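Below you'll find the structure I mean.
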Amino acid sequence: MSRATAQAVETADKLVTEGVKQGRRAQKKLAKKTELTRKELKKSSKAARQEALARLSELRKPGRKAKKAAIKAAKAAGESKRRGKKDFKAAKKDFYAAVTEAKSAAKGTRGRRKWPWLLGLVVVGAGAAYALRSKQEPPVAPAPPKATPPAPKPAEAAKPTPQANGKAPSPAPAPAEKKN
């Protein structure tokens, strides 16, 4: 950790632990330190990228001309052209291995983060559980008791009921009940 970073962390920690209300001066001081830290990190990352690019360019230099030169050297040494090509293929394989190694060194050792996927799955699962839980229908309440028909009005009771040939009228049929 660089000196500026350490100072910025120390200042922030000090302000948090003291619990003091931050004044304008302290805010400016902290802002200046964080700006310095940011600039320093930017410079160091830029330098690291340039170094990696320089190494890559050194590794990429041998190309077609190198192949021709290797074949000519093999011919001059008295070896066959075929042998020179085989040697060049082996050298090329080594070269590509070195290039991939340099690329991985330039990228750094940062691996893929797997926890965002896990977090996403947990959120989706929680959302699904909530949706299913909220869609459940409330339990069906038992049917209310059937209402008794209202008592006949006193005016109707006072009326004389007509008798047909001395027979009492049959009571009115009850309304039909619905079956579910």
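Including glycine, each Cβ sits where the backbone N, Cα and C put it.
Checked TrEMBL, it gives:
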| type | residues | note |
| --- | --- | --- |
| REGION | 19-91 | region 'Disordered' |
| COMPBIAS | 22-31 | compositional bias 'Basic residues' |
| COMPBIAS | 32-43 | compositional bias 'Basic and acidic residues' |
| REGION | 135-180 | region 'Disordered' |
| COMPBIAS | 139-153 | compositional bias 'Pro residues' |
| COMPBIAS | 154-164 | compositional bias 'Low complexity' |
Determine how many residues of the compositional bias 'Basic and acidic residues' (32-43) DSSP places in helix, in strand and in coil.
12 helix, 0 strand, 0 coil
Per DSSP, how many helix, strand and coil residues does the compositional bias 'Basic residues' (22-31) have?
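Taking each residue of the compositional bias 'Basic residues' (22-31) in turn, the totals are 8 helix, 0 strand, 2 coil.
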